Amino acid sequence: AQPPTFTLAGIPGLPMSSHWMALPLCCLYLLVLLGSGTLLWVVRADHSLHTPVYYFLSTLAMADLGLSLSTLPTMVAVFWFKSPSFPFEACVAQMYFVHAFSVIESGVLVAMAFDRFVALSCPLRYSSGLTSPLIMKAGGVIFLRAVCVVLPVAVLMGKMPFCGPRVLSHSFCLHQDMLRLVCGDVRVSRVRLYGLMAVMLTKGLDSLAILLSYTMILRAILSTVSQAAQAKAFSTCISHLCAVLVFYIPLIGLSIAHRFGRQLSPLAPTLMADACLLVPPVLNPLVYSWRTRQIRGWVLTLLCPRAA
């Protein structure tokens, strides 16, 4: 029989009713909703932003919203309402959406890297090559890949037997965290192997694709004679590079902590997991708003209409 509930530990060393922790978390979620929501509204309202890079940026904002909203219920329940118990089926569903939106975000970052490569290496063919139908197809492929890769993990996890204290080490359900609670089943090694393969086939290949894209981008930029043109080309890539670093650095740190950091304090993987799911959605709208003149202008108009 499946266990009825999991207990979410929150942050090790802190009492479950840490309202001083709940307030900044709620502020971060509010920043995500405002930032990503404003970004989507600006791109929709300004017809000059109806270009491939901003379509991908809108998809990235939607993935950020989905990732944040997937973890919001348990975060608020644990830190605000002192309710750490979570039904098994809901925990599996949350695990699925968290990992699926994470894979979607990784895929969008690859598409944005390819977009920058085409824009810098073939500027004359950029508008005619990256058409709206092609972008929609790319978005559909990114979405279907996430669904197909993560769904078997959720199905297999739903059939696993759990025993002993069912206490998770985070404020939300993650595949790695749930898997360590499985007991007495030979299939656990297969699930663990599939999870590792899924990570390598998605985020592993995505990171290599981004690295390859930027290697070719760097070659295209250095082949430009004008230093002013080189500086402008580098400037167009800074926002995307920041988004890539903000997404992958905490993710790599969390993977290392889960697989090789058994001697680390339980606080380390917990904080890394929180950083993986909260830092990118908070920072992405800020980075793109600051680096993009049109978006910055709209934001300043909303905040200070008289000054605008």
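Keep in mind that glycine also has a Cβ here, set from the backbone N, Cα and C atoms.
Just so you know, TrEMBL annotations never went through curation; they're auto-generated.
Listed features, source TrEMBL:
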type     : residues : note
TRANSMEM : 20-42    : transmembrane segment
DOMAIN   : 35-288   : domain 'G-protein coupled receptors family 1 profile'
TRANSMEM : 54-81    : transmembrane segment
TRANSMEM : 93-114   : transmembrane segment
TRANSMEM : 134-157  : transmembrane segment
TRANSMEM : 194-217  : transmembrane segment
TRANSMEM : 238-261  : transmembrane segment
TRANSMEM : 267-288  : transmembrane segment
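Away from its own ends, the transmembrane segment (93-114) comes close to residues 53, 56-57, 59-60, 63-64, 66-67, 70-71, 73-74, 86, 138-139, 141-143, 145-147, 149-151, 153-154, 157, 172-175, 178, 202-203, 206, 209-210, 213-214, 217, 240, 243-244, 247, 251, 276-277, 280 of its chain (Cβ-Cβ under 8 Å, at least six residues beyond either end). Same-chain residues lying 6 or more positions outside the transmembrane segment (267-288) and placing a CB less than 8 Å from one of its CB atoms are 9, 11-13, 25, 28-29, 31-32, 35-36, 38-39, 57, 60-61, 64-65, 67-68, 71, 98, 102, 105, 169-172, 174, 239, 242-243, 246-247, 250-251, 253-254, 257-258, 261, 295. Through the fold, the transmembrane segment (194-217) approaches residues 102-103, 106-107, 109-110, 113-114, 116-117, 120-121, 145-146, 149-150, 152-153, 156, 175-176, 179, 233, 237, 241, 244, 248, 251, 255 of its own chain, all at least 6 residues removed from its boundaries and within a Cβ separation under 8 Å.
Counting same-chain residues at least six beyond the ends of the transmembrane segment (54-81), those with a Cβ under 8 angstroms from any Cβ of the stretch are 8, 10, 16-19, 21-22, 25-26, 29, 32-33, 36-37, 39-40, 43-44, 94, 97-98, 101-102, 104-105, 108-109, 111-112, 115, 132, 135, 139, 142, 171-173, 243, 277-278, 280-281, 284-285, 288.
Averaged over the domain 'G-protein coupled receptors family 1 profile' (35-288), the predicted model has a pLDDT of 83.
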